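This report refers to the structure that appears directly beneath it.
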Amino acid sequence: MRGIRQLSNVKWQTKPLQPLRREWKVKAVHGGTVIPVHRNHTLAIAEEGDPKGAEAEVKAEGARFGMGKQVLDRIKPAVVIRGVRWGVGNINKRKRNDEQQAAKRLKMGEDGEYANAQFSKEEIEAEGRKPKRKVAVLIGYAGSGYKGMQINGQEKTIEGDIFKAFIAAGAISKANADDPKKSSLVRCARTDKGVHAAGNVISLKLIVEDPDVVQKINDNLPPQIRVWGTERTNGAFSCYQSCDSRWYEYLIPTYSFLPPQPQSFMGKKLVESAEKKGTLEEYKARQADVADFWQKAEDEYIKPILDQLDPETRETVMAAVYSSEEPIVGNELKQKVDKLTKAEDDLDIMKEEPQKPEIKSDQNMETLGSADEAATQKPEVVESKDPTDTQVQEIQTEAKIIPEVSGDSTMGVPQTAAPEDQEASVSKSILSPVDIAIKQVKAAYIKAKKAYRISESRRQKVQETLDCYLGTRNFHNYTIQKTFSDPSAKRVIRSFKVGPEPIYINDTEWLSLKVHGQSFMMHQIRKMVAMAALVVRCGTEKHVIQESYGTATISIPKAPGLGLLLERPVFDSYNEQAVTKFSREKIDFDKFQKEMDEFKQREIYDRIFREEEKDHQFHTFFHHIDHYRTDFFLWVTAEGIAASRQSKSRSEVLDDVSDSEPDANGQEG
C-alpha cells in the first residue's frame, strides 16, 4: 500500500515495510524537509505557534492509513523556528544541497565583485524565453591578473568574466544568470593562476540565434580575453570528456639552464656530493660547456663594481649577495605563507593607486615562494627597465619614498601593511652605500645571465631530459595531494619537444618547449619543466627522473606560471563523429589561425617577455632554489633521492596558497 496525502501544512509519504504485519514507514514533507516517521520514533513537524494542531493532523492522517492507537500515541510534535531544518532524511539530500548552494551564491552576489548576476522576477519575466543550443565556444586568453580559468566564488577568473559577457550579450537568459550549472557549463582545460591559452574550449547551452552574438560577447570582454567562435554540437557533448589530448607550450629563458652560482648553497652541495660519491670528474664533464661562465661574469660585470668599494664594504656586500636562506617548517611555515598571501593583496592595492609610483621588486608572487632577496634588499621606485642603471641613477639624484618592509626569508617577498595602514607604513628613507652596492651587484648578475647564449650541446641535453617523460608514467610527485598508489596519477605524454631555434627578445634568449599529452594534473607541466631545468643546470644524471616515478615522495618546485601557454585542445575523435553521425561542423581552430596568431603575439608572448623584463621571475625562481638552505631539493646532487627529505609538504603548502585553487583534484588540462 502506498499513498501521498497533502494536509494544510504537512505532506505525508507512506510505504509498507512489512505488509503482512501492517507496519508503516511514514515520511512527512514540510517546506522541502523530509521527516521519517516510524513506530517508536514517530515525529511531526509544524510551523511555529501551532504544534498541537499539527499533532492532531498527524494522528488523523495516520489513522486513515491504518496506524494503530499505540503508534499514534507516540507521535511527538516538533516546532520549526525560522525555517531551521530538523530531522532531514536522505530522500531529499539533493534538494537540500541545491538549496545550500543557492544560498551560498546569493550571499556571494551581495558584495562579490565577480559573483554571478542577479535579476528581479520582473526582469526575468519581461525577457521571455528563447531557445538554447548546445555549443562549443572556442576562446583564447592571457591569464595574467586572473586566479585561473574556473569560476571560484568571488575570485577574478577567466570563466567569471566570460560568463558575465554571455549574459550582457544575451547569450544566457537572465533566468539562468545566477548559476553557470543551469547552462551546463564545462571547460576543456582548467588552467592555473596566471597561465595563458591561445586556444581553449568551453561547452554549454547558449542562445545563439543572433548572428552577431560572438561580436557582442567580445564587446563585453577585456582585450586579453577573446571568443574566436562557436560550433553547434550534439546535445550530450562535453568538451572535457570529448577532448582527446592537449598541446601546451612553455617559454623559458635559456639562462635558466645555467649551473648554480658556485658560492650558493646549491652550488657548494653539488660539488661536495660529487666528491663524496667519487664522481667529481663526471660532474665537471657534464658542465664543461658552462664551466667558465661564472668566472667570466665576475670579471666582466661584478669586478668593476667591487673595485669602487673599500675592502670592508666589499666584504659586506658579497656576504649579503651570497647569503643562504634558512628553512622554516610547521606552524611557522604556515604563518609565512599566510603573510605571503597578505603581502600579495597589499601590493596589488598599492599598484592600483594612480598617485603612487610603480613599486619594482625582484620578488615573484607567482613562483614557488619566490626568490629571497628581501633580507638585504628593499623595493625601490624605478622608471627604466635596465636592471643595471636604474637602481643607482634614481637613488643618487634625489631621495625616494620607499615602503618600510621586513624581508621574509623564506618567501622572498616584502611584508607590507594593510591597505588602511599603508600611509603610516610609508616613510622617507635613503638607501645606504652598502644597500646601493648590493643592488648594483645583483642587477649585474641578472644582466650577465641575460647575455648568456645556450650551446647546441646544452640544448640537446634539454631535449634528452624531456624525452624521459614520454610514455605512461606515474606523476604523483608532479602534482599535489596524490599518492603513488592513486591510479589517476598515471598520465600519458606523447611528445615533449624543444623548439629548433631560440627566440631573442630584449637581449634575452628563450626556448620554446611544446608538450603533447592526453591530460595533465594540477601544476604537472610546471613541475616537469622545473625538474628538467634542474637536472640540466645541476649536471644531474637523468635516472633521477625515472626514480621520481617510484614510491619515494620528493619535493619538486613548480616553475613560474608566466611561461605556460595552452596552445589548443584536440578533438579528433569527436570531429570524425560530428561530420558522419551528427551532421555538425568540426571543432577546428585552424579557421581562426590568423586572429589567434595576432592575439598570441600581442597579448601573450609580448606580455610574457614584458613581465619577465620587469619582474625577473625566472631569475628569482632559480635564485631561491640555489640559496635555500634545506635538503628538500638535494635529489639533484650525486647522492640522488636518498639525500633529499622524503616529503612533498614544502611544495604542497606553497602550491595551495600561491595559486588559490578551488579543487586540488582539478585538471591543469
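Here the Cβ of each residue, glycine as well, is placed from N, Cα and C on the backbone.
All annotation found in TrEMBL is predicted automatically rather than curated by experts.
Annotated features, as they stand in TrEMBL:
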ACT_SITE  Asp192  active site, nucleophile
BINDING   Tyr248  substrate binding site
COMPBIAS  351-363  compositional bias 'Basic and acidic residues'
DOMAIN    469-572  domain 'Pseudouridine synthase I TruA alpha/beta'
REGION    351-391  region 'Disordered'
REGION    644-669  region 'Disordered'
Helix, strand and coil residues within the domain 'Pseudouridine synthase I TruA alpha/beta' (469-572) as assigned by DSSP: 31 helix, 34 strand, 39 coil
Between Tyr248 (substrate binding site) and Asp192 (active site, nucleophile), the C-alpha gap once rounded to whole angstrom: 13
Rounded mean pLDDT for the residues that make up the domain 'Pseudouridine synthase I TruA alpha/beta' (469-572): 94
